[in-house]
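J.: Next up is a structure, given as structure tokens.
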């Protein structure tokens, strides 16, 4: 019996401005677990401090649309006149290596991804402690005009109604607390019966007790 350990695909999603990147970065700093971040692609301009290939793959509209034609994205969506997408190959490679792959994507992208029913995928919806916090965070960025902030808030109001379709909801009241909750979720997912049995059978196999 040959069993390969495969990692979880952890989809961290939520409205724009909820703090997905901040929580994910804090989580990576808090643990030495086998986490990798799947860098998304976008056609929007980099924000201050963002690096190409680290925070996003920044593409032109033409480059992104060519990627769509060539089926290079696991999921993609258009949001406030910009494309966002998840390159497919890097995720496949990471999961085969048994790594825990973090996706940090918009709600529309998560909706498309859920329809693919990829095994070992965990969907986490990040929400602010109150709606005003979302506006304050978007305003604090200093990169959005008031009209765009209004569009993002209106979209967020619709997205909140999709929270029940996720496996977990995490409130981002304090970054460290939110990161702790996600770590607890991942531990709980690994403790689920199906995954525990898979790991137990692997231990038996390694010790010569595998089925003949």
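Cβ from N, Cα, C; glycine included.
Note that the structure is a prediction, hence the values are computed from the model and not measured.
Found this in Swiss-Prot, in case it helps:
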type    : residues                       : note
DOMAIN  : 7-187                          : domain 'Guanylate kinase-like'
BINDING : 14, 15, 16, 17, 18, 19, 20, 21 : ATP binding site
J.: Give me the count of other Cβ atoms within 10 A of the Cβ belonging to residue 18 (ATP binding site).
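T.: Neighbour count, Cβ to Cβ under the 10 Å cut-off: 26.
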J.: Setting 14, 15, 16, 17, 18, 19, 20, 21 aside, what same-chain residues sit with their Cβ within 8 Å of the center of the Cβ atoms that define the ATP site, listed in sequence order?
T.: 126, 128, 134, 137, 172
J.: I'd like the Cβ neighbour count for residue 20 (ATP binding site), meaning other Cβ atoms within 10 Å of its Cβ, all protein chains included.
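T.: Neighbour count, Cβ to Cβ under the 10 Å cut-off: 22.
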J.: Reduced to three states, what secondary structure does DSSP give residue 15 (ATP binding site)?
T.: coil
J.: Ten-angstrom check, please: count other Cβ atoms within 10 Å of the Cβ of residue 19 (ATP binding site), all chains counted.
T.: 20
J.: Provide the number of Cβ atoms within 10 Å of the Cβ of residue 14 (ATP binding site), excluding the reference atom itself.
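T.: Residue 14 (ATP binding site): 28 neighbouring Cβ atoms within 10 Å.
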